[in-house]
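What follows is a set of notes on a single structure, which appears directly below.
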Amino acid sequence: MFGAEFVPLSLPPLVIGSLAAVACALPGNFLVLRRQALIGDAISHVVLPGIVLAFLVTGSLGTWPMMIGAAAAALVAVALIEAIRRIGGIEPGAAMGVVFTTLFAAGVLLLERSDTSSVHLDVEHALMGSLESLIWLDGTGWGSLFDPEALAYLPPELPRLAITLTIVALLTAIFWRPLKISTFDPGFAQVIGLPTTLIGLGLVSTAAMAAVAAFDAVGSIIVIAMFICPPAAARLMTNRLEIQILWSVLFAVLSATTGYILAGYGPLWLGADNTVSAAGMIATVAGLILGLAALFGPCRNRAGAPLGA
Amino acid sequence: MNAVSLAATSGTHVTEDLSKYAMAVRGLTVSYGGKPVVFSVDMSIPTGSMTAIIGPNGAGKSTTLKAALGILKPLSGHVTIFGQPLDQARQRVSYVPQRASVDWDFPTRVIDVVLMGLYRQVGLLKRFSPALRAKALDCLTRVGMEEFATRQIGQLSGGQQQRVFLARALAQDADLYLLDEPFAGVDAATERAIIAVLKDLQARGKTVVAVHHDLATVPAYFDRVFIINTRAIAEGPLDTAFTDRALQEAYGGRLSTNHIEGLAQVS
């Protein structure tokens, strides 16, 4: 598998998958601790109709139309949730559940009814992405990594996700203390003058940015899995947030790489001649890592378990 | 800007000097879902005093504190801290939330929680200097928790968690300490340790306000009370405000006051 075809065929998806996984896992750490992990799930559902509409309007799958479409969809979602919550007099969780599933279904319908055959945009792509198709034909060998001409033809998802991850990592590092204080003790944070509402909005926006960037390359399944699984597994490995972040990055990269390799080569090793979906396998590996951490992680805590369990 | 204009009911304007108070609350009303839980409350905390906020469950004790500190948005009301708006006096205020209001499973160590109290000194990116770290450790020593500095906070008992919160407040070097039920669910040793720290603060000229539940310990711990049941019922030094009549008014018939030592005998 490390033969001549590795650099053009396997390296780009491995790197893109890892970048997407880490970009989602970083904000995921704070979302999990704030018990808002499902917001990641929600975002990846809500953005679908926005992206489809943006494509229908502009006819392109460029970064900006997608980002604007996703952001508009998110705004509509927030307005709908607020409206349903007030008019229906129900709790926000229920309103969210209704809005997100409906918007996602609307996105799927829109996709099926519109002609998107010219681009990589269909229901399967929305769920699974197209990691396997992100190949780099100009990368003829390891030497191509130092060849500017070949590098210019890298799949555009790669630099896009690299930039996204850089922004997410920088934001996490710069706002580390406010994020940590306001996640642990919002009341105290407010009294010392931290803008807690703004911090919360910033966190969700950063997560949304990561979700939209990753969505295009790897689909919504990975996005949902990466917001939750690596941070949750990392929490079970340590009792320090600083170290939890490092574990979550490790688990994200491990899921992306192992999942991709298992999807591409696993069936061959088992004697079959097909491959399975990389996105599905990556999410599965992330879930397995979380399962192992839940069974054997050193910092498990039964505080929340029901009595007698 | 130390004087605040208040519109009196008669429509005339009265100018009151609020700078003599560590905290002055005027006309505070807070409602949850259309129902007022704190109604038109005035509170005046003199500098250097030690005040217990008392009242039955759901009387708006914590809500008054939170709204005064901007954590909850009041319907109306005005608050000054040492005569200034809160935004200009934040570095002089230290707030200790209810212990149960945070998730103690949060992945952090005791010392890191205390260092949160020094955030305003380091901001976003500045490193914690050895002097600041030593200060945080010293605050832990003052509450008897220095051995636990590198423990994860989830491994502490309720009393120890409360002491860590107090240490974080001490690290802020504030002039006004507002504590929400600091004695709730703590062991006797912790209660003694906390009250010793608070009395020491008062001895250094600091002002202390605590939401308190145990009426029996009010005379031993505090020198003033603020009694509330949605409306402010009484406020002042123990001998004028901590009265049988005020307590009966706040708690209704549910309270037998004859076992409370030090209750002011005002007929």
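Quick reminder: no glycine exception, Cβ is built from N, Cα and C everywhere.
Unlike curated records, TrEMBL annotations are generated automatically.
Over in TrEMBL, the protein carries these features:
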type     : residues  : note
TRANSMEM : A:6-26    : transmembrane segment
TRANSMEM : A:38-57   : transmembrane segment
TRANSMEM : A:63-81   : transmembrane segment
TRANSMEM : A:93-111  : transmembrane segment
TRANSMEM : A:158-176 : transmembrane segment
TRANSMEM : A:188-211 : transmembrane segment
TRANSMEM : A:217-238 : transmembrane segment
TRANSMEM : A:245-263 : transmembrane segment
TRANSMEM : A:275-296 : transmembrane segment
- Taking a Cβ cut-off under 8 Å, which residues six or more beyond the ends of the transmembrane segment (A:245-263) line up next to it in the same chain? 1, 10, 13-14, 17-18, 20-22, 24-26, 28-29, 131-132, 172, 222, 225-226, 229-231, 233-234, 237-238, 275-278, 280-286, 289
- Message: Under 8 angstroms, Cβ to Cβ: which one of A:6-26, A:38-57, A:63-81, A:93-111 has the largest number of such pairs with the transmembrane segment (A:275-296)?
- Response: A:6-26
- Among A:6-26, A:38-57, A:63-81, which stretch has the highest count of C-beta pairs below 8 Å with the transmembrane segment (A:93-111)? A:38-57
